[in-house]
């Protein structure tokens, strides 16, 4: 396998900028692509991204508005939101060399197609080799170089290992797997479940209710993950349980914050993207196609769509028939 030294990150938001820093700390040659030319020029000149205030950009990172720069990269990381990833990959595709690893880092399912991010890569750039990076990680923590562990999955184990070595450092610890689908299910489902956890906190239902909701939500994640071919150890690992714990317990999570606002009866934050809000209907369509019951996720989707009040959703969940745990 050829050396994987040149890395291009597509998307200069908080997460993309943090991942560019990860690659730079791993000793790679890094290019950060910004769709907006003015933003690229500003970040390049000031070495500061307003999305990550107070965290200077590594001097070795080249910031560009030229998408063709990705064509000379050994690895491309897609840091666009899940619902915009196809557009980013389609724009990138003509500039990619055949066989280039393209790592998705968004956690979601494409609305309307029910495609996971690696499937979007396969369709939009069929000559690329898809991989997925996911796990308990906030952009601010990663950008500051705080200790973080994630999962990196590719169907080819040798490639997954090579990608881990290309991005890993003392502060950023990827674990490799070939269970691509398990990793993707964990990342997508936990965002929806985090909204439910936030609602519990916003409604002040107590720590016991939060623990119960998180645990039962994890059961839903595992059921769907296994039905889609994911492995139990992946779902119970960093990209499943680990990410669920983080996202259901920290206000840094946009999905958790959305749930808190909903539970309090406050307007939803308009300046923060919640992947879970977009993923919820696609997740339920996927579950229905595999005859998997997901009552917590279903409640979230109904609340977001205005089909059910929060009090009605809580009542529905608390009056379900008693059953064995599992």
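Placed from the backbone N, Cα and C atoms, the Cβ positions cover glycine too.
Features as listed in Swiss-Prot:
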BINDING   15, 35, 107, 139, 254, 273, 275  NADPH binding site
BINDING   107, 135, 137, 190, 243, 253, 254, 255  sn-glycerol 3-phosphate binding site
ACT_SITE  190  active site, proton acceptor
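This view paints the features noted in Swiss-Prot onto the structure.
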{"residue": "15", "record": "NADPH binding site", "DSSP class": "helix"}
{"residue": "35", "record": "NADPH binding site", "DSSP class": "coil"}
{"residue": "107", "record": "NADPH binding site", "DSSP class": "coil"}
{"residue": "135", "record": "sn-glycerol 3-phosphate binding site", "DSSP class": "coil"}
{"residue": "190", "record": "sn-glycerol 3-phosphate binding site", "DSSP class": "helix"}
{"residue": "243", "record": "sn-glycerol 3-phosphate binding site", "DSSP class": "helix"}
{"residue": "253", "record": "sn-glycerol 3-phosphate binding site", "DSSP class": "coil"}
{"residue": "275", "record": "NADPH binding site", "DSSP class": "helix"}
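Of all the Cβ atoms in the protein chains shown, 17 others lie within 10 Å of the Cβ of residue 35 (NADPH binding site). Residue 135 (sn-glycerol 3-phosphate binding site) has a Cβ environment of 23 other Cβ atoms inside 10 Å. Residue 135 (sn-glycerol 3-phosphate binding site) sits 13 Å from residue 15 (NADPH binding site), taking the CA atoms of both as reference points.
Residue 190 (sn-glycerol 3-phosphate binding site) and residue 35 (NADPH binding site) are 28 Å apart (CA-CA, integer value). Of all residue pairs in the sn-glycerol 3-phosphate-binding list (107, 135, 137, 190, 243, 253, 254, 255), the one with the greatest Cα separation is 15 Å apart. Between the alpha carbons (Cα) of residue 243 (sn-glycerol 3-phosphate binding site) and residue 139 (NADPH binding site) lies a span of roughly 13 Å. Nearest neighbour of residue 107 (NADPH binding site) by Cα distance, taken over the binding-site residues 137, 190, 255: 190.
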